[in-house]
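Per TrEMBL, these features apply:
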- E87: active site, proton acceptor (ACT_SITE)
- G9, T10, M11, D12, C13, G14, K15, S16, D86, E87, A88, Q89: ATP binding site (BINDING)
- V170, V171, I172, G173, Y184: substrate binding site (BINDING)
Amino acid sequence: MPELVFFSGTMDCGKSTLALQMDHNHSARGRQGLIFTRDDRAGEGVLSSRLGLSTEALEVSDDFDFYGHVVGHLSSGGRADYVIADEAQFFTPGQIDQLARVVDELGIDVFAFGITTDFRTKLFPGSQRLVELADRVEVLQVEALCWCGARATHNARTVGGRMVVEGAQVVIGDVDVHEGEIGYEVLCRRHYRRRATAASSRSGVLSPDVLPVDAR
Ligand SMILES: Nc1ncnc2c1ncn2[C@@H]1O[C@H](COP(=O)(O)OP(=O)(O)O)[C@@H](O)[C@H]1O
Ligand SMILES: Cc1cn([C@H]2C[C@H](O)[C@@H](COP(=O)(O)O)O2)c(=O)[nH]c1=O
């Protein structure tokens, strides 16, 4: 049975790498895939991994119709055995419904990859719809780690290494950015709640939002 699968995890846990590996494995067996992404850090029309691999992809915008595109592709004699969709958190909920329709009505596997929550721990609308509709949600096995060594579960946004909690939901960016720039850092929940990034923990500065410590 064809499936809609959501491969999810924090930033920098290997989602795009897995997307590229899955495409490689399927195409090595003669299957043909359609690859989509939106706002990859490497630029328009590219699906890229921090390991250095990348591939061409169709860039998705708000008005893009997945179902219409795949039907058009098949009608014009094209083949599609599977669909890979990276940065799926940026898709609209309606586009996730279209992907489910590709699975159910066209019998094509759809593998979607993305982060679930934003820098404020809120679900991205596209990810929420994926959780609602996917046949399976797979959490990646390679765990990104917090600076303390615990499994990272949250995506913090940083400015100059300090965690921020105000701003637009979507700001394209990367982990390990230079001083002063907007970037991201993956943290365990404990350190996310304390706003304790690697930089702030090194300097011993804790956020005023740190929970009161019982002195007794
Ligand atoms: N120099 C490196 N050597 C080995 N692995 C690396 C290196 N740089 C990045 N990685 C691996 O790549 C992962 C990030 O892969 P990527 O597919 O870009 O992540 P995601 O799409 O989830 O943000 C890191 O968690 C790490 O496991
Ligand atoms: C947490 C968070 C992330 N983003 C952006 C930053 C990156 O461009 C992508 C995630 O890419 P990755 O391949 O998973 O590393 O999402 C954002 O716009 N808003 C956020 O809150």
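Glycine too: its Cβ is placed from the backbone N, Cα and C atoms.
From a predicted model like this one, the values you see are computed outputs, not experimental measurements.
Checking the binding-site residues M11, C13, K15, D86, G173 against ligand 1, the ones with a C-beta less than 6 Å from an atom of that molecule are M11, C13, K15. On its own chain, I172 (substrate binding site) has D39, R41 as residues at least 6 apart in sequence with a Cβ closer than 8 Å to its own Cβ. Spatially close to V171 (substrate binding site) yet at least six residues away along the chain are R157, I182, judged by Cβ distances under 8 angstroms. Nearest neighbour of A88 (ATP binding site) by Cα distance, taken over the binding-site residues V170, G173, Y184: V170. Reduced to three states, the DSSP call for Y184 (substrate binding site) is strand. Every protein chain shown contributes to the tally, and the Cβ of A88 (ATP binding site) ends up with 30 other Cβ atoms within 10 Å. G173 (substrate binding site) and M11 (ATP binding site) have their C-alpha atoms 10 Å apart, to the nearest angstrom. Checking the binding-site residues (G9, C13, K15, V170, Y184) against the residue listed as 'active site, proton acceptor' with a 10 Å Cα-Cα cut-off leaves K15.
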